[in-house]
Amino acid sequence: MLDIKLFRTEPEFVKKKLEMRAIDTSIVDEILELDIAARELTARTEELKAKRNKTSEEIAQKKRNKENADDAIKAMREVGEEIKRIDTELNEVSQTLKDKLVRLPNLVSDETPFGKDEDENVEVKKWGTPRTFDFEAKAHWDIVENLKMADFERAAKVSGARFAFLTKDGARLERALMNFMLDTHRANGYEEMVTPQLVNAASMFGTGQLPKFEEDLFKVEKEGLYTIPTSEVPLTNFYRDEILTNDMLPTKFTAMTACFRSEAGSAGRDTRGLIRMHQFNKVEMVRFERPEDSYAALEDMTRSAESILEKLNIPYRTIALCSGDIGFGAAKTYDVEVWLPSYDAYKEISSCSNMTDFQARRANIRFKRDKNAKAELVNTLNGSGLAVGRTFAAVVENYQNEDGSITVPEVLVPYMGGQTVIK
């Protein structure tokens, strides 16, 4: 959520930043009008409450002096009714103001390139050379079905479209990738966590999924809980409504969880294989940083994600998302895209973002530089490290052999119990 003080002091700056996201900037004027109205109503109620208190003292004094206080009592009742009326109006104005504020995205960083959509994202790095096959390469969904590593048909019977059973060596490869990713991040200083995979609405609000993106979520109506779309949600909310001490920063968490997404609006896209699922496993990184350190932390986090693909020796590229493609809560984002031969293209496998104080303001996560200092908002960051299913697909496609087998990447052999080939 954006700071209302920024609207008051730098409205043109806010308009400029929102315009970069193609958002109608008249919302800034609407928010300022509501803010002025709310402050005027607040001032009026404070005046009336002061008047009521003074009148109450007068009534008490009259009663002590055995004087008639009827007029003062009547006046105090009228003031009380006026306070109730104004409080009702203030609550309505304040709620309208909040509703508008919480639906506005973060302001993009000066380092975020300007652009209208994904076609204007900027490539900042490319690593590795896509493999040239001397045979007809197959898509991962065909390879894994031939090797009995996955069963999409039975998953559709059990759950519906966009689900998969991973079986035999498929299940083993998935687990190997999870453990390899977690071990890599632990070596990079991240604390491993096991998180809840059902969270409440306050948690979803804190990280920005609610209220704007509710249609993308699965909800357990009876309990009022949501399945997590990413472990960013529980990891970030771990410190919700808390004040951290200076020595707690930076804090770096990593977790592997199942993630659940309705994929609203993606009908017809990536309908085969493991690329776009309702349920998938993902290793996540989350960081809590001092504001002055958060952009350097983003570079470091992105390197952690990239290092997974480098150790697997799979080509990738890193792009800086432009202002028209960047996520709702992010100020700056890098997407890491892995090479998938079946698409003859790079596909997103990680998104690493600096959310600055956007989530921290919603979730009320603060820190103190020393015990006597004023509490400040932390900066939060999150990044995939990596999406396990997409990494699985990338390994299968990039390490496929002409006879239909898959060579196990060298770094995964210990995690596969010494197995070097899946056949």
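Using the three backbone atoms N, Cα and C, a Cβ is placed for every residue, glycine included.
Binding of L-serine is attributed by Swiss-Prot to Thr230, Ser231, Glu232, Ser384, and the same site annotation extends, among Glu191, Glu284, Glu337, to Glu284.
In this structure, Glu263 is the one among the binding-site residues Glu263, Ser384 with the smallest number of other Cβ atoms inside 10 Å of its Cβ. For Ser351 (ATP binding site), the Cβ neighbour count at a 10 Å cut-off comes to 21, with all displayed protein chains included. Ser262 (ATP binding site): 17 other CB atoms within 10 A of its CB, across all protein chains. Summarising the environment of Thr230 (L-serine binding site), the number of other Cβ atoms within 10 Å of its Cβ, over all protein chains shown, is 22. Taking the centroid of the Cβ atoms of Thr230, Ser231, Glu232, Glu284, Ser384 as the L-serine site, the other same-chain residues with Cβ within 8 Å of it are Val233, Leu235, Ala255, Thr257, Cys259, Lys282, Val283, Met285, Val286, Asn382, Gly383. According to DSSP, Ser262 (ATP binding site) sits in a coil region rather than a helix or strand.
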